[in-house]
Amino acid sequence: MLRRRRIAALLFLTPWLIGVTVFFLYPLGMTVYLSFTRYSMLDQPELVGFRNYEYLFTKDPYLLQAIRNTGWFIAIMVPAQVLFALGAAQVLTKLKSGAGFFRTLFYLPSLAPPVAATIAFVFLFNPATGPVNQALGFFGIKGPLWFTDPAWAKPGLVLLALWGSGNLIIILLAALLDVPKELYEAAALDGASGTQSFRHVTLPSISPVLLFAVVTGMIGAIQYFTQAVVAGSVASGSADITPSAQLPGPPEGSTLTLPYWLFVQGFQRYNMGYASALAVVIFVISLAFTVVLLRRKSGFAQVTS
Amino acid sequence: MKSLAAVAAALLVCAGCVPSVGGQEPGDPQVITLWHPLKDPNEVKAVRAALDRFEAAHPGITVKAVPAQDADKVTQAIRGGKPPDAALSFNASSVGAWCATGAFQDLGPWIQRDKVDLQQIPAAVRSYTEFEGKRCVMPLLADTYALYYNKKLLAAAGYSKPPKTISELTAMTKRLTKFSADGTIEVAGFVPYLGTYHSGADLFAAAFGATWLQPDGSANFADDPAFQEMLQWQKSLVDWFGVEKLALFKAGLADEFSSQHAFNTGKIAMMLDGEWRTSFLTNDEAPVDYGTAAVPVADNKPGLYGAGLIGGNIIGVPRGAANPEGGWELVRFLSTDTEALVHFADAMHNVPTTLPALNSPRLDLSREPEFAPFLAAFRHPRSTSQPATSDGGAYLAQFGQFADKWQQGKVPDLAAGLRTLDRQNDDALRLGS
């Protein structure tokens, strides 16, 4: 009987098992194996021991810059996006009229394809001809060089991320609307101010959703690629995305992220073995962040009434 | 039994001389597939015309051309085992990887069998189409570079001739440049800021006679003083403009392939660009009276005047092609048949890649005065090309990155920086070898 039940359980699990094996375990295993090889993807992989990892940890001149840039996106872009989305969602809950219109308006940018949105942003922020700097100039402010200045390229990308955070706004809006009204009433009866009820009622109630937003945001930041590549290439005046004879991550490597470097190594320099080693590093970093965040989830624990 | 042995022996002998012919018998109707990266309707038409010529010369063979197939797609198709019989690519920097891995077939046995004379191709062009002695692609039309100058702007500043040396270029740039009242650049005599259209480290290095790699393939940035001379000159001119002003000027320029190109609109008086610009200027009906001349060269190397950097398209037979023999026949015809090359070069407004085609009286381009410096650069014995490496010419990107930091004033010690760059480049090259 027990055996039959086990078989039945296994049968029910089969679709999941196949999915995990084919789409997760096998690629992960192959990536780890390839990270110990020299592999151009045009001939057979050849085992080279720890050579890729040795180069990665001791010689790669761009790795540190890529890690710094990716770290910057995790540290700045993720909190900025979550805070902005939370603020926007909070405002949307308070609207007395036109709520549907404004929700649609905030959500719309996230429907724009990332490449098109990035190109449009680079044109809007063009320091010589773009309307943003012209508007700033109208108020007597000298606008920065945005995507052509290494100090401003990443903040420019953060603005792009904020503009396109419609998905997150909708998720947080749903969470905010889901907070039981009785809790607010009880807090009001106890004499809690608006800030106090936000801190002691709203935040604990939506903490699982905030945790979700932070974890997925962080994984997204670790994998940040498309917008960085497109913004860098378009602003540098290249018609070609990542032309092989150009420096990666223009200007001055300020938009070079870990996945961008992986792409350059694997697909432009024919070093798929080394790119696999980079993928392993990215995987370990993602895993470490997720584990740390989930372990600290007590801080995000939902208040139960 | 005897006949079977004879067939086996013949197959063995044949396998030793040329790659397999994919089961095709001479005289059988054949279809050859060609992938090329061209998309522009006029260019696609030019390819078709070249293929019609091939079909007329080879009754029974039809060529199916597939446009808009870039190097990535070709590489993917080779990996997937379903490549075309011949592939044309802009991406000469991939030759190292394609030859070293056998992704493109070794053309050596075919070249030997069909007695193709490689001496008809200039040395610099032979160099970027082979890797470590293995020829896996042939050149098909080349790009050379020259100085474009706005005759009206030069005359207004009192010049009747374009500059020949770097110091002349510098002096003329300063006189031709106009700043507006707020300090921004209104007209740039010449833009030394790297990444502005074709103001690149590659063309500047060629003007100073720099050699990219040592004979053993290692980087040569620290050992060749030409790199330092080039960078010093470039930075001094950038500083004269002001690096921020140049960055702002560059950001406001129209796209390279638009009719609002800054040279067309008189915002840039002199620039380096490839031969294809002549046809863009004509097609755009640009309101600029322009001339072309050889790229100005380092004052201490006058012998380089007229020479320059040569790059270009490549064509070969991918590994796994269904009809490699047909693919080779197409490659051979397109890359070495004088008449075919002359017509294709005229249609594409590119430089033909063999000397007989270049010297052909039927080459219309040779009668265009603006095209003369490009053809001369191709002929010049001191013209150079960028050598192929197994990592797709990564040394160029490494140097580009370094030169960009340098022009921003972020490299305190140039000599030490170049030594570090050499080491980084050699380490990176070893990674893929």
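The count begins at 1 with the first shown residue.
Placed from the backbone N, Cα and C atoms, the Cβ positions cover glycine too.
According to TrEMBL, the domain 'ABC transmembrane type-1' annotation covers A:67-293.
Under the heading transmembrane segment, TrEMBL lists A:7-26 (among others). Tertiary proximity for the transmembrane segment (A:7-26), restricted to same-chain residues at least six positions away from its ends with a CB under 8 Å from its CB atoms, involves no residues.
Taken from TrEMBL, the feature transmembrane segment applies to A:72-93 (among others). For the transmembrane segment (A:72-93), the residues of the chain that approach it from at least six positions outside its boundaries are 99, 102-103, 106, 154, 157-158, 161-162, 165, 168-173, 175-177, 210, 213-214, 217-218, 220-222, 224, 257, 289, judged by C-beta separation under 8 angstroms.
Within its own chain, the transmembrane segment (A:105-125) is flanked in space by residues 88, 92, 131-133, 146-147, 156, 159-160, 163-167, 169-170, 226-227, 230-231, 234-235, which lie at least six positions past its ends and keep a Cβ under 8 Å from the stretch. Annotation source TrEMBL lists transmembrane segment at A:105-125 (among others).
Feature annotation from TrEMBL assigns transmembrane segment to A:156-177 (among others). Packing against the transmembrane segment (A:156-177) from elsewhere in the chain are residues 73, 76-77, 80-82, 84-86, 88-90, 92-93, 103, 106-112, 114, 117-118, 121, 125, 146-147, 202, 205-206, 209-210, 212-213, 217, 227-228, 231, 255: each is 6 or more residues past its ends and has a CB under 8 Å from a CB in it.
If you look up TrEMBL, you'll see A:206-226 (among others) marked as transmembrane segment. Same-chain neighbours of the transmembrane segment (A:206-226): 70, 73-74, 77-78, 81-82, 85-86, 114-115, 118, 168, 171-172, 174-176, 178-179, 257-260, 263, 282, 285-286, 289-290, 293-294, 297, 299-302, counting only residues six or more beyond its ends whose CB sits under 8 Å from a CB of the stretch.
Listed as Cβ neighbours of the transmembrane segment (A:272-294) (distance under 8 Å, sequence separation of 6 or more from its ends, same chain) are residues 28, 31-32, 34-41, 45, 48, 52-53, 55-56, 63, 74, 211, 214-215, 218-219, 222-223, 258-259, 261-263, 265-266. Annotation source TrEMBL lists transmembrane segment at A:272-294 (among others).
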